[in-house]
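The compositional bias 'Polar residues' feature in TrEMBL is assigned to 1-31. Residues annotated as compositional bias 'Low complexity' in TrEMBL: 60-69, 729-739. Under the heading domain 'RING-type', TrEMBL lists 131-165. Summarising the annotation, TrEMBL assigns domain 'TRAF-type' to 222-292. Sequence annotations record features per position, and here TrEMBL assigns region 'Disordered' to 1-32, 49-97, 726-746. Annotated repeat 'WD' per TrEMBL: 392-424, 435-474, 555-594, 595-638, in sequence order. What TrEMBL records for 222-292 is zinc finger.
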Amino acid sequence: MSSNKNARYNRFSSGTTNITTSENTNGTRMETTFGPAYSAVTTITKADGTNTFKQHRRTPSSSSTLTYSPRDEDDGMPPISTPRRSDSAISVRSLHSESNMSLRSTFSLHEEEEEPEPLVFAEQPSVKLCCQLCCSVFKDPVITTCGHTFCRRCALTSEKCPVDNAKLTVVVNNIAVAEQIGELFIHCKYGCRPAASSKPAAFEVDPRGCPFTIKLSARKDHESSCDYRPVRCPNNPSCPPLLKMNLEAHLKECEHIKCPHSKYGCTFIGNQDTYETHLETCKFEGLKEFLQQTDDRFHEMQVAMAQKDQEIAFLRSMLGKLSEKIDQLEKNLELKFDVLDENQSKLSEDLMEFRRDASMLNDELSHINARLNMGILGSYDPQQIFKCKGTFVGHQGPVWCLCVYSIGDLLFSGSSDKTIKVWDTCTTYKCQKTLEGHDGIVLALCIQGNKLYSGSADCTIIVWDIQNLQKVNTIRAHDNPVCTLVSSHNMLFSGSLKAIKVWDIVGTELKLKKELTGLNHWVRALVASQNYLYSGSYQTIKIWDIRNLECVHVLQTSGGSVYSIAVTNHHIVCGTYENLIHVWDIETKEQVRTLTGHVGTVYALAVISTPDQTKVFSASYDRSLRVWSMDNMICTQTLLRHQGSVTALAVSRGRLFSGAVDSTVKVGFLRLLLDGLVSSSTGTRALNKLGAVFKQGDGSQQVGGLTPDIGCCGCWKPKGKLHKRMKRSPQSLSQQSLPWAPVSPPQVWTC
């Protein structure tokens, strides 16, 4: 504070103001101390040296006159007046009339009744900062539907706007007006007093109070440390009331200082001088460390006891809940037993019916076998089945995507270990190279020409040259992980959160052509077929025309997000989060079937078609692969090949590659099995049609250039008459071209 301000307010900063009157004839001396804004204290010193303190309430008036009631003064003391300083400050109604903060009676620590918070501005506030309903400065200003600003309380308690008579509804806080009000300067509440006017919530500046003006927004910070704030003596409540700035001086003269060991039984009470002398002789002073340790230990025990009480209460509540659950379980168990009895009787009846049906089917099968042995049937539809040939091992994390480069018989696998491994699937079955460059999980792979594109959780797409297996470009593609990639018509499509980006492929560069929007969730599945792009998100499949990049159809699904899509010649197939596989007719766009069987999310779908039939393979969180016949929409085979969730599929030349969370990639081959005898012309015609099985010089059969493995996975074994004839003379069956070869164990290929 500057020196001129010190000179101006020296009577406020140096402590309380004392007015001493002359001694009476009987030797009694009276001294009046002006305290905070609401009271004064008169000290009467009698001839015998005793002091008497009397506190007086000031009567609110336009003048700063202190009046004493007759009950406060027996000697008929005249009123004492102090000069009043001129004020240019404007008294305004309290902004905080509904505030939770209450103004306490001066020097009283007990709550009596809530009074309005004093609010006296240093300068007249602008009329624009006043509410038109209460005519006071805005308190918590809000904007209503009519566009005007009012106090929140006024807007909630009033029905119509006083300007345009519109109904009042709060829309949003008016932060700009609130900040303007917070910059206004006000007088400290310890420098204000109730005004002499009849308004109960009006205040004016008190010349004996705090002289400082502060910003309204900084009011609490100042008033919490204001020197004019009334306080109590910490030694004894009977001490006269004090201002904060006088507390330190009072403590030096206070006659009610207690020994710090009074809680242990010390009865000493005195002033500062006798207090220091007492500490030297106090019998508790030597034991203070022991007493402190005892207090600490006692406090710890209290805390521990409180914790134990909480634990006991918690255990009691848990016990009550468990009792309720046990009662509920008992009731449910009784109901289930009743249902079980009913179901058991129904099952018994169904079992008898099934036995009758089985007997009829056995008769029909015997009749069909007899006709087959006699060569009456001219053709037989073989069943496609897959056998595990081996396993690629080398990744250090789950495998999330697979892609086949058929020209060089290369398989690319992306993993959580942030790498892409290149596998030879024709000759050596070894890892040719490990491609490193991503900073996140590799989630998607795609091939266009001689370029490999990889998408990752690091939100980038990397372009790789397949000829030399080198990185040639990196594109910051999305703001979120790149979940899926697909290429068509010399364009690359990338899917991420609620967006599909279309890139023109120009050499090693990707030029953003368009962003497809209107998607409701993560795009985890993209498939390009002919002139259409199929995208899957939450319970929706959108079909886009690749030629003009417009959405032409929307298929609604159930079962949560779409995780996989496959397109055949006649159907659109999708796998969902809730274990379902939905099938639509590709022409009519009508759903024809929902395939069930998986007990986990269907992560991937793949299609293998022959001129006679189409098979769809599904990979799931339940660790299984299922083979579905699209002719009759039934599951023809279930493969349990992995130790973890199966997350990716790829097909090439009658081979099925599957990647899983167990960090491996397994390889399977297409097999044709005939359960029974088939005429040589029929069998040869069926095998030649697929072009997958050919006869070797020793009479054994070979599939895709590799020795078949019939015994792997325990999926199929020859039986019946065919098994007997094979055991007797395998060479005798060579004329019939049966797809059978000596069993070879599965292999493991590592990096």
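Backbone N, Cα and C atoms are what each Cβ position is placed from, and that goes for glycine too.
Nobody curates TrEMBL annotations by hand; they come from automatic prediction.
Secondary structure counts, DSSP: the zinc finger (222-292) has 34 helix, 8 strand, 29 coil.
For the repeat 'WD' (595-638), DSSP puts the residue distribution at 0 helix, 27 strand, 17 coil.
For the domain 'TRAF-type' (222-292), the mean pLDDT of the prediction comes to 85.
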